[in-house]
Structures are given as C-alpha cells and as structure tokens.
Amino acid sequence: MHEPAVSEAERELFGGPLRYDMGWSEHERAQLDLTMPMALRAMPRLVGGTLRRAWRADRPSLLGVGLSEIGQGVAAAVTLLAVNAVMHALLGSGAPADRLRAALPGLVVVAVVAVVNAGLAGWSTSRAGRLEPLVERLATTEYLAAATAVELEAIEDPDFRRLIDVAQYGAASARRMIGACVAALNGTIALIATAGILTVLDPVLLPMLLLIAAPRGWGAMRVAQERYVSVMTWVEHMRASRLIAGLLTERTAAQEVRIHAVGPFLLDRYRDMAESAETEQKRLANGKAVTELVAAALSGVAMACTYAVMGWLIVAGRMDLAVAGTAVIAVRSGSASLGALVMNVNELHEESLYVQDHDRFLREAAGRAVPQGGAGVPVRMDGVTLDKVGYRYPDRDEPALDEVSLSVPMGSVIAVVGENGSGKSTLMKVLAGLLLPQSGQVRWGGVELGDLDRAQLFERVSLLTQDFQRWPVTAAMNIRIGRPHRAAAPEDLEPSVAYAGATPVVARLPQGLRTLLARVFRGASEISGGEWQKIGLARTHWRTGTCPHDSVLIVDEPTSALDPEAEIEAFERIRSLAGPERAVVLVTHRMSGVRHADTIYVLHGGRLAEHGSHDELIAAGGRYAAMFRTQAAQYAQYAPTEKPVPVPRPGSPA
Ligand SMILES: Nc1ncnc2c1ncn2[C@@H]1O[C@H](COP(=O)(O)OP(=O)(O)OP(=O)(O)O)[C@@H](O)[C@H]1O
C-alpha cells in the first residue's frame, strides 16, 4: 500500500506522521474483503444487517420499498416481452400499415408499464426517503448511547478514542446503505428479468452480458478499496488539520494567536499539511482515472465481441432479425443494469466498511460499559474507605496510586494535598467510582465497589472539579444540570445561587438566571472564570441538596479562579456542606483551605506520605509542614536583603 509522505509541519508540531497504525484499523482485512468474490459473498450479510436496522426503524416504509422495487422488476420483464412482440410485428410479413397495427398492442403495453413503473419508482423514493433519516438517527443514537455508557478508563484510552472517532462515520453510511440497497435490489430484479429474457432469446448472450459488466465491477472495487484505505490512513492527518484550523479561529486561543504571532505560524503549517493531503488526493484521482479507463476499454471490447457473436448468429441463420433487435435492447439495458448493480454492490461494500467500524465500536463499547445492576448502596452508611488502592494508567510504567489507604467517615471533612502529579485527581476518580482500582479495595458503607450498582453510587457523589463543564445553556440550566432529571423552575434554584455567593453574578446578567451562557449564540452572555466557579459551586449545592441519602461531596481545586476573599468564603461554604448525611473530600493546593479539615492526607508520587490533623502534621514537621511554611512564606513581607534567584533565559546554557 502507498505510504503517504510526511509533511514538515507534522514532524514539527506532532513529532511525526499522524497515522493510525495498520494493525489497529485492519486494512489488510479491508483489502481482502474488497476482492470481488469476497465482496459478493459478504453481500447477504451486509444487506441483512441493513434490512434489520431498517426493520427496527420503520417497518411499513421498508415493506413499501420492497414491494415497489419488485414491481419495477416485473415491469422491466413485461416491457422486454412487449418489445419482443413489437419487433416481431414490425419485422414480420405484410403491408407496413398492417404491421404497425399488429405492433400497437405491444406499444400500448410498453406505455402503460412505463407509467406504472414511474409511479412505483416514485413510491419507492418517498418510502426510502422516509426510511433513511430514521436509520441514521437510530445508528447515531446507538453510537452516542454507547459512548456515554462506557467506563471513564475507555474514554481515556487512546485506541478506544480513535475507534470513537472512526465510528462516527458509520451512521451516515448506514443511511447511504439504504439507498444503495434499494438500488441494488432494483438492479438485481431488473437483471434477473433481462437475463431470463436473454436466455429465452439465445443462451449464448448471457455470458456475453457478464463479460461486458465484469471489467467495470473490477474497476469500481479497486477505486473503492484505494479510497477506503486512504481515508483510514489519513483520518488523523485530516483531524490534525481541522484542529489547527479550529485553533486559528477559537476564542480561547485568540489572544496568543495575536500577541505571540501564532496565527501566521500555524497558518503556514496548515498550508503545509493541506499540500501533503492534496498530493494524496491527486494520487487517488490519477489512480481512479487509469483504473476506469482500463475497465471501460475492456468492457468495450466485450461489447464489440457480443455484437460480433450476434452478427454471426444472424448470418448463420440461427437468429432472426426480430430476436436480434430485442436482444440488442436487452443487452444494452442488461449491461446498464449490471454495470449499475456492480456499482451499487461496490457502494454497499464501501459504506459497509464504515458501518462495520460502527458495529465494532458498539461491540467494544458494550464490553467496556459501566456494568448495570449490583448491590444497592446502603441508604445510611458509616463512610467510604480505601484499602491499599493501586492504579496505573495503561500508557504509564509508574503507578498513579500505590497502596493508598484512607477513610472518609460521614460528617467529616477530609483534605488531600500533594504536589502536581502526586495522584490527587486519580484518587478522587477512584473514590467516586469513575475508575476501578487495579489492586486494593474501595468500600462504600462496607460494600466493595465492584459489587455495587454503579448508577446508584454515582447518585451519591457530587463532584466539582477545576475544569467542571461550562455547558452552553442558560444559567439556570447550568445549575439544574447538577441533577438534570429533577424538574426545577429558576426560582427553585435561588437558594443554591445564594449559597454559592453567585447572587450578584446572576443580578448582573441581562435576563438573570434565564440568560444563555454561551457567547457564540445571539442574546447570550459570557461570565468570568471566577464567576463560572461560583455557578459551579451553585450546581454542586443543588446536587448535594437534592440527594436524599448519605452522600459524598468531592471538590477538586474549586477556588483556583476566585479572589482571596471569595476563596475564603468558598472554603467556608464547602465545609458547611458536611453533615451527618454527607462527607466532604477537598483537594487543593491552597493550604489555607485545608487547615480546618478533620484529617489531611498528603500524597507524594502516588503514595500516602502522611496523614493527620493540621496541628499534628505541623508538629510532625514533615512534607505537609514544609508545604505549609512555603506557602505562608509567600505571603510574608518581601525582604529586600534577600538575593533574588537568577532566572535562566530560554535558549541559554543551563
Ligand atoms: N489520563 C491519564 N493518562 C495517563 N496518565 C495520567 C492520566 N491522568 C493522569 N496521569 C498521570 O498520573 C499521575 C497522577 O496524576 P493526577 O492527575 O492524579 O495528579 P494530581 O495530583 O491531581 O496533579 P495536579 O495537582 O497537577 O492536578 C501523573 O503522573 C499524571 O501524569
């Protein structure tokens, strides 16, 4: 297979070519499948799959399409029989007027059948048009439902992410397969009719018909195979180009694009990558032109042979002129039907490659879905405990968590601190049941995480992270979405707004809580990072307040965008959410926010370094005490006698 050239931009930006590895995308399989006999053998399975999907989407429309297509096939056969009768009448003996009169019934039949055929074709088009969007919706919802149901680990697995990406093309292909199936059915029925008539006229004409269509079939297969392999090989390249193009217009990148002159820099790289993609397009177009030329030439030779055979049959007296006339029409319409059928089979096959990716994704997603069912989480529980929990990300050698044990009793405030990359966020994901530990145990109310009904467990978790989702919906919905199935008017959310200190934020919005928070839309407003954090806090309050059972609130760096006053208030508010039915787990770098926690756990390199109350840890004089003092010193007055640490200039020797 052709290996695409690597553009300089790819090397510079991404460290090398962005390509799927061949093993993963199963190109060899695709190439094997794309040989003509295998494609034909795969047809019943592909058509079966499409029909099943269509059957699930809209049965009456599917039946309508089937009946009208069979009707059109019958019409084609009747037309040829009528044409044969007309030929016999016209080329028979007698006066021209008598011959014309004798041909008239046949001509009337041809006309009536043409009208019926047009009606049937219209009916089929309207039913297929109704069926296609339904099939696409069905496939899209299957895809989205499967993607939202998988474990977080799958979402973070690069291979699975690629599968999610590739599978998104499957729904549109499933839609197009309906059209291709209908056309293939139409072609098959018309072909059977024509082949039947040709066999009756002279059996030798049938293999000639196949010879005419075979080269075109080969050509279409070859072109499709090249195109699929190319799309699969270049899909990441295309995605990277789109990524660059998106960044150039993205609001979040707009400042650096201008100040750092990233705009012209990335634009150059975009051009470079586009040029290497265009080289591939040119290669494909040239290959296609050559293949189609060869196929057309071979098909033409076969057509010439067919007419030569017919001429020989007429000269030898084995075929009379009327039959030859019908045969010419039959061969022409038959080869057109066969040519179209080959194209349709090929289109079906090409589309099916994408549908197969979609189906493979559904299968894999089902295998990686969060299991349903399991033991219920006790309504009242003593707390959550982690016992020697270990977790390693698939692409890492070092574990992110190594034998971490901690306990979160109901009613308590627990803090987790540690330097960047020490495993805090991973620990929160394990605690929340988003990641399953690879060793050790997590127990909710004494029940092991693996045995629990995870949907029930998620119900008990409120999560507020630093990069919480800023949904492009109204301010009210941004809060209500903390528990989306619970209906609430904007007024019902006022207590959460007040709790989060977001009342002045909402008051400044043009339509209060009904304001749309997405600048891209007309009439929408945007708010600052700190204001968003208050909306996030309100969401968390709404979620915790609407949980009737014992629950755990996990907050990961909730105050990073808040000013010092708002930060102190926010920590107070978060702590106040702890109660007999709720434990609070707080992850932060702000040491001032953790000193009042009941227990502070200090993580270092994925291991638990120490734990205790603030006073105990300060007295121990370990890692926590050092971190606390460093931060406290930042606030101490600047001592002018201190010699500033020299900062190396980038590019200068260290
Ligand atoms: N999705 C991931 N895939 C691979 N490695 C990851 C992933 N997420 C985190 N890691 C790695 O796991 C380790 C712990 O990461 P984690 O995000 O839990 O640290 P953290 O203490 O929350 O860091 P920070 O304070 O910077 O937020 C780090 O070495 C990090 O690079």
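Including glycine, each Cβ sits where the backbone N, Cα and C put it.
Unlike curated records, TrEMBL annotations are generated automatically.
The structure displayed is predicted, hence computed values, not measured ones.
According to DSSP, the domain 'ABC transmembrane type-1' (252-350) comprises 90 helix, 0 strand, 9 coil. Annotation comment: TrEMBL describes 252-350 as domain 'ABC transmembrane type-1'.
Per TrEMBL, the feature domain 'ABC transporter' maps to 384-630.
Per TrEMBL, transmembrane segment is recorded for 62-83 (among others).
The transmembrane segment feature in TrEMBL is assigned to 103-123 (among others).
What TrEMBL lists as transmembrane segment is 177-198 (among others).
Through the fold, the transmembrane segment (204-224) approaches residues 34-36, 39, 194-195, 198, 287-288, 291-292, 294-299, 302-303, 305-306, 309-310, 313, 327, 330-331, 334-335, 338-339, 341-343, 345-347, 349-350 of its own chain, all at least 6 residues removed from its boundaries and within a Cβ separation under 8 Å. What TrEMBL lists as transmembrane segment is 204-224 (among others).
Sequence annotations record features per position, and here TrEMBL assigns transmembrane segment to 293-315 (among others). Away from its own ends, the transmembrane segment (293-315) comes close to residues 202, 204-205, 208-209, 211-216, 218-220, 321, 324, 327-328, 331, 335, 339 of its chain (Cβ-Cβ under 8 Å, at least six residues beyond either end).
Within the chain, the transmembrane segment (103-123) has long-range Cβ neighbours (under 8 A, six or more residues past its boundaries) at 64, 68-69, 71-72, 75-76, 78-79, 82-83, 85-86, 89-90. In the predicted model, residues of the domain 'ABC transporter' (384-630) average a pLDDT of 88.
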